[in-house]
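A.B. asks: OK, TrEMBL features for this one:
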SIGNAL    B:1-22  signal peptide
TRANSMEM  B:110-132  transmembrane segment
TRANSMEM  B:144-161  transmembrane segment
TRANSMEM  B:173-197  transmembrane segment
TRANSMEM  B:228-249  transmembrane segment
TRANSMEM  B:323-341  transmembrane segment
TRANSMEM  B:348-370  transmembrane segment
TRANSMEM  B:390-408  transmembrane segment
TRANSMEM  B:441-461  transmembrane segment
TRANSMEM  B:467-489  transmembrane segment
Amino acid sequence: ILVYDQNNLSWSRSYLKFIVLQIYNLHSTDFEVHRNWLAITHSLPVSRWYHENTSEWTLDYPPLFAWFEFGLSHVAQHFDRNMLQVENLNYASPSTVLFQRLSVIFTDVVFIYAAKECCRCVQEQKGSRDVLNRPSFVLAVLLLWNFGLLIVDHIHFQYNGFLFGVLLLSVAKHLQSQHLQGALLFAILLNLKHIYLYVAPAYGIYLLRSYCFTQDNKDGSIRWMSFSPLRLLALGSIVVSVCALSFGPFIAMGQLPQVLSRLFPFKRGLCHAYWAPNIWALYNVLDKGLAVLGVRLKLLEEAELPRASMTGGLVQEFQHSVLLSVSPSATLVCTLLSILPAVASIWLRPCGARGFLRCLLLCALGSFMFGWHVHEKAVLIAILPLSILAVESREDARIFLVLTTTGHYSLFPLLFTPTERPVKVSLMLMFTIFSFTALRKLHSGQGPLLRPLEVVYLLGLVVVAIACEVVFPLSPWQQRLPFLPLLATSVYCSVGVCYSFLRLYVRLLQRDDKPKQL
Amino acid sequence: MKTWSLVSICVLLGVVVRWGVSLNSYSGAGKPPMFGDYEAQRHWQEVTYNLPLQEWYFNTTDNDLNYWGLDYPPLTAYHSWICAYVAKIINPDWVELHKSRGYESPTHKLFMRTTVLVADLLIYIPAVVLYCLYLTDGSSKKKISTLLCFLLYPGLILTDYGHFQYNGVSLGFALWGILALGLGWDVSGSMAFSLALNYKQMELYHALPFFCYLMGKCIKAGPMGRGLFLLVRIAATVLATFALCWLPFLSDPSQALQVVRRIFPVARGLFEDKVANTWCSLNTLIKIRSILSGDSQLYLSLACTFLAVLPSSFRLLTKPTFWHFKLALVNSSLAFFLFSYQVHEKSILLAALPVCLLLNDLPLIAIWFLQASTFSMLPLFLKDGLLVPYVVTSLAFLFFSLYLLSALDHCSEDELRMGAYNKLLFFLPKMDLACVVRWKFYISVAVMAVLSIVSIALVPPPHLPDLFPVLVSTTAFLHFFGTFVYFNVVQFSEPPSRKSQKKNN
């Protein structure tokens, strides 16, 4: 019955996606980005792929993704040949739109398969239960109907479903103790989108510690003698071969520096235009606040302050006025410092696959919190794997509810037209209602799930939502301070995200009772 | 899981689907000079806001009745007036007298679609939720499944949010009436139904069952005493509601008469366009329209309708239970659809609503009919550019309802109440009825799918330009006629088991 339910959930997910597909008759820049990449990979020889810059949206994903687009372009030519001309900038005929959207829906199959695999890993609790209350069913719904993923993938147009599918599949494989497959999938993922480098430390340390060292001492510490060079070799060869497959042609042509410069552009600003709810949002607000305060108290001259344009434009740089300016290397150092304890913890006291999952979450969240030019949708890298833990343990369910609600709400500003408003509100409500009631039912019997403070915070989120969506557009400040709702949303959500980050850390660093599984 | 959370999730899903469909094209988009139903609604807002009430239904210099004149009863006009009032606040250009003809813009489309959604949320959806929670039997999971399928019925979504109409309001009021009658509140029910009648005159399709049910109840309660008292109360409520709605028009008899003339245009022919009813289908074989005169066509259709609706009404009069009431609603609206004068394809929605009420009791036949009704409107949807929503919503509806209601499992003779069939057709060899029905269902769905694909993909031969619409409407007609016969048989067979009968009464 369960499999049948998951099948139906998958179909219903596709149905929802088709319906949501109707929405985007206006499209975001990502649409043009991917059309451009289809054109580049189809029309130009391989040597020109990373040199091409007719359009401003140059190829900035690793080569494996370029090969993926190349494959797609062969199907695309049957829909509309014109989209594959590099010169046709902003070309968007109906068949082009249809093809692009269908491609996202079809590659979504990977995500559906990954969700099924994750559900298989979930520990079922004893006792016959109604289908709706089984952990694996709840997980299936939480993954397949994840609001953030639906919104981001369809309305913002990217292949996130596909990429997250690969990530979740690799996690599932590790949970099922098939580490080589998991490593392979992660290597593929890295070569598809290099943003996942952020979680690579978790993979690296976990595999090194728990896979290459086959046994531990009784007290859990490392047993150096049990090192298995064979396993290390297997892992290494997998990673190297995948990278060779994707980067090989470019290394052979000596284009590696060019490719790397495309992949890691550091010219963009500290914060994305919509201010991901991370530490830097709080930092910016503090800076602005101090600047205003300083001017009021006559400690600073207004003319001395640099024109703060952190709030305008898409990819501009800015400087802080009172606090220290933040450079890319500083963010990198902060990120590494933030994930160091987590990584060290799974080296010194490995807790099996679930410990690895926690470390992965912390790496993802840490890089979200402290990273350079982070996009709000990066919070999904933390939310989706956390769903697996949420259906198993009560503590994690609590953190999940806080993180998910704030993370999803922070995605609201991405959809700002009135046309999309009913859909985003309805979908968000649907997901939130489901996650709260299902998780509460699943972990019932030990008092209320959320602490009073958390409840107050989440209710405050509703207030902020109403203020930003309804009250603000009708108020007199609309003209003077147009970025105020964005600011409020980011700051309020970053509080929630920081809180979840700290709580997850506490969870990891507490001694877990789970025995090592390998 | 708590019921309220599942209910809210279903409602939200219904809203998402509706809004998703509403982002597509509407009828008459970008097609001057007449455009379509969308322009008609906008024009009514213009007329009702700018002109005094006395001129709404009259042909004056300011009000050209040939350009989408008002042809619904006053409640529609009042609704348009309210919408126009809001429109004026947002952007006066939308309802500028004369100048706003053919006005089309993305913001205006958003506004119009929002009015449909608001009307639905206020009237139709609450009625559906209350009906599914309180008047269907089964476990709460079954009720939620019924609710979801009810809300996902594609025909209404595509017509209201695609083609653009306000059927949700009139059907919603009718549903409130049915709900009240089911809970035993006869007076409120009659008031709600009167409101529905005053919104769209096509609700008359449902009028006979309401009348027979209430009359039968009054007779049962005793022709003298309680029954009479009930009758008087109902009659008074109905008259009061009508009077209230028509109040501004009652001051001058010519006003009222003009309104009646507008809402019942008898000058038109037996049928218009391609409709899945008897006359249109018969017309393919025998050209009735040319054989009979206009008057005799009218009398013929009246006679046939009367004959068709008589059995079920009589049965309801003698056995006024809620179960029979639901069946009579189906039978009556189907009879009117099949045999009446000047029927539009969208009138099938009036039959679809009562069938939705039977989703719980007779899932397979209900789903079958609902799918056929959506299919019958395919030519209309294709004209409006609603191909993708049609395909997606139909497939999803079929899929969800078959799974959630386990329709294909409950096919036994008893569950389909086909015992009477066996008695009627005693001369045929005994077959496994469930298997036969299932196969008929599969074949029918396959035929509908094939015809849909053919209508979309192929170009008709030049000497038969209407080939595909005609094929679609004849196939749909066969389905509807078969359903009509089936539901009549069911109404005359044994009532359902004691347990459900108690609840329904």
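Using N, Cα and C of the backbone, Cβ positions are placed for all residues, glycine too.
A quick note: this is a predicted structure, and the numbers were derived from the prediction, not measured.
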A.B. asks: Using a Cβ cut-off of under 8 Å, list the residues of the same chain at least 6 residues beyond the transmembrane segment (B:390-408) that approach it.
C.D. replies: 17, 21, 142, 145-146, 148-149, 152-154, 157-158, 359-360, 363-364, 367, 370-371, 374-375, 378, 381-382, 438, 441, 445, 452
A.B. asks: The transmembrane segment (B:441-461): which same-chain residues, six or more beyond its ends, come within Cβ distance under 8 Å?
C.D. replies: 364, 368, 371-372, 375, 378-379, 382, 387, 390-391, 398, 408, 467-469, 471-472, 475, 479
A.B. asks: Out of B:144-161, B:173-197, B:228-249, B:348-370, B:467-489, which stretch touches the transmembrane segment (B:323-341) the most, going by CB pairs under 8 Å?
C.D. replies: B:348-370
A.B. asks: Are there residues at least six beyond either end of the transmembrane segment (B:173-197) with Cβ under 8 Å to its Cβ atoms? List them, or say none.
C.D. replies: 73, 75, 123-124, 127-128, 130-131, 134-135, 203-204, 206-207, 210, 213-214, 217, 230, 233-234, 237-238, 241-242, 245, 322, 325-326, 329, 353, 357, 504
A.B. asks: By a Cβ-Cβ criterion of under 8 Å, what residues six or more beyond either terminus of the transmembrane segment (B:144-161) are in contact with it?
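C.D. replies: Apart from its flanks, the transmembrane segment (B:144-161) reaches 3, 6-7, 10-11, 13-14, 17-19, 21-22, 113, 116-117, 120, 125, 128-129, 131-133, 136, 138, 167-168, 171, 346, 348-349, 352, 356, 359-360, 367, 370, 373-374, 377, 381, 386, 389-390, 393-394, 396-397, 400-401, 404-405.
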